[in-house]
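What Swiss-Prot records for this protein:
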- LEU347, GLY348, LYS349, GLY350, SER351, TYR352, GLY353, THR354, THR355, LYS369: ATP binding site (BINDING)
- 226-247: compositional bias 'Low complexity' (COMPBIAS)
- THR364: phosphothreonine (MOD_RES)
- THR441: phosphothreonine (MOD_RES)
- THR514: phosphothreonine (MOD_RES)
- THR564: phosphothreonine (MOD_RES)
- 1-22: signal peptide (SIGNAL)
Amino acid sequence: MMKIIAAFLFLLVTTFVSRCLSADIESDKQALLEFASLVPHSRKLNWNSTIPICASWTGITCSKNNARVTALRLPGSGLYGPLPEKTFEKLDALRIISLRSNHLQGNIPSVILSLPFIRSLYFHENNFSGTIPPVLSHRLVNLDLSANSLSGNIPTSLQNLTQLTDLSLQNNSLSGPIPNLPPRLKYLNLSFNNLNGSVPSSVKSFPASSFQGNSLLCGAPLTPCPENTTAPSPSPTTPTEGPGTTNIGRGTAKKVLSTGAIVGIAVGGSVLLFIILAIITLCCAKKRDGGQDSTAVPKAKPGRSDNKAEEFGSGVQEAEKNKLVFFEGSSYNFDLEDLLRASAEVLGKGSYGTTYKAILEEGTTVVVKRLKEVAAGKREFEQQMEAVGRISPHVNVAPLRAYYFSKDEKLLVYDYYQGGNFSMLLHGNNEGGRAALDWETRLRICLEAARGISHIHSASGAKLLHGNIKSPNVLLTQELHVCVSDFGIAPLMSHHTLIPSRSLGYRAPEAIETRKHTQKSDVYSFGVLLLEMLTGKAAGKTTGHEEVVDLPKWVQSVVREEWTGEVFDVELIKQQHNVEEEMVQMLQIAMACVSKHPDSRPSMEEVVNMMEEIRPSGSGPGSGNRASSPEMIRSSDSPV
């Protein structure tokens, strides 16, 4: 009898649970259909009640038993308007919500941040306004609300989120002090807000870039806070015996203040007059010195139409003007005198010097790189230049055409490439926004760059290295074919050269620590270049109000916890179809390249082979080997 009752109860419970599960997934479906009807979207969603939600709906992930919807991912889907709060109350099993890079506006519904199982919220690059809801789920791991219009204080409840590892609130209008934040936090960015007060001790270990753009913040790692000084209480200088005495005291105080002001003005005027006289004296002395030393600077001639050209010839001495050394195979027919007469335009300033576009009188256009802080002597410099200049030709390597060396001036001459460089193509420049670069073009550019670097590594008995791999040094022809430039310069430079933060973003940890470059550190830099291509984020500090980005660390923090696809450039997601596997494969190659341990990184030859396997010659999207699971990426030893 007991067995029959137990069997009956088991059947009853099983039926009840199955019905509950069915109701749950059905209610999730209805909630999502409600979401689609309430939130306008320019990209069509294939959400239809007639097709299975877990298998076919765009941006939807379900639990393993298909019982509940656990992830909603609609980045760059053209969503606009406010989010419906009641809809998310019904989706209480969500662990991940990614609505980044849309046009959503209004307040962030408080129910979303307090969902019981929510772990990752990616709401950056929208138009959300209002304050950050104070009630937050204790399970939150990743919270990105950056690049919105949020205001008010940062909630103090954040300090109670013991699992939070990544917090991005930059580029908003948040104000007030920074609260204490949880100790497990590994990535923090609060830059470009209106925060004030002292940086709390719980986050002082983060770099200054995490707090930049908040002019009222102080304390480590920013400038020290001023000491708190309290003004002494005013006390009367004479006893107050009645109204008459008080009036005399006030009158005396005014008289003393007026005298002090007069003395201050007199002293200030004297100091100002002294400074003006000193400046006039220095200017006169410089003018006299310039007249005596005018022979050291090449005299401008009528054909020289731009004063910028003098910058890369200012250290050239008259006796050495014809010592421009050309390499075999160069078709140029000019000497240093012709080069110094050329009009010039600054193309950019990098780690090792300034680059100019020089147009000679006969119309020839070349690129001249003026090196700074060269530590090598003449013999060592010439030997290195000979090794660089005599490397066997390769279609993806920009050849060094000529060089010049003197005590005060070191110049390198290259071909001019009309297509610009990969950085300009990927991120745009000051004159305009970036183009929507498709996956095919990105993949081909990076593969050609890899072939060029691999050739540099294999030439001259594998003794050469690049030493300065970054997207601005990946030059492009008009047909967008790649030539890798600026290789072989690193061994000549001073170890004390100040490397800009935008270049540090490409440097391997061991290269930053020792200031010595190897072929393995080149592989790391190329891995960062691949991550830059995949994410659309510039490595290191960029112009404008962009934050300092440690790409390997950022990518690893995302794929460690959640969905690998969250790292990809929204432009790729908008444009491309059937290339997700190739993108994941490329991400795996990039993460192998940026391994913390140099010996764990592949060689550039191996990198080329792996990239060629993704897209064999003549095959289309999706035809490469099937991508491995995201867990493989998360388990790599790349920096966290």
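Cβ coordinates are placed from backbone N, Cα and C, and glycine is handled just like the others.
Features recorded in Swiss-Prot, as mapped to the structure shown.
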{"residue": "LEU347", "record": "ATP binding site", "CB count, 10 Å": "18"}
{"residue": "LYS349", "record": "ATP binding site", "CB count, 10 Å": "12"}
{"residue": "SER351", "record": "ATP binding site", "CB count, 10 Å": "23"}
{"residue": "GLY353", "record": "ATP binding site", "CB count, 10 Å": "23"}
{"residue": "THR355", "record": "ATP binding site", "CB count, 10 Å": "22"}
{"residue": "THR364", "record": "phosphothreonine", "CB count, 10 Å": "16"}
{"residue": "THR441", "record": "phosphothreonine", "CB count, 10 Å": "14"}
{"residue": "THR514", "record": "phosphothreonine", "CB count, 10 Å": "12"}
Determine, for the ATP site, the additional residues of the same chain whose CB lies within 8 Å of the mean position of the CB atoms of LEU347, GLY348, LYS349, GLY350, SER351, TYR352, GLY353, THR354, THR355, LYS369; present them in sequence order.
ARG370
Using only C-alpha positions, which one of THR364, THR441, THR514 is spatially nearest LEU347 (ATP binding site)? These are the modified residues in the record.
THR364
Using C-alpha atoms, which one of the modified residues THR364, THR441, THR514 comes nearest to SER351 (ATP binding site)?
THR514
Using DSSP and three states only, what is SER351 (ATP binding site)?
coil
Measure from the Cα of THR441 (phosphothreonine) to the Cα of every one of the recorded positions GLY353, THR355, THR364, then give the nearest.
THR355
Please report the distance from the Cα of THR355 (ATP binding site) to the Cα of THR364 (phosphothreonine), rounded to the nearest angstrom.
17
Which of the recorded positions LYS349, GLY353, THR364 has its Cα nearest to the Cα of THR514 (phosphothreonine)?
GLY353
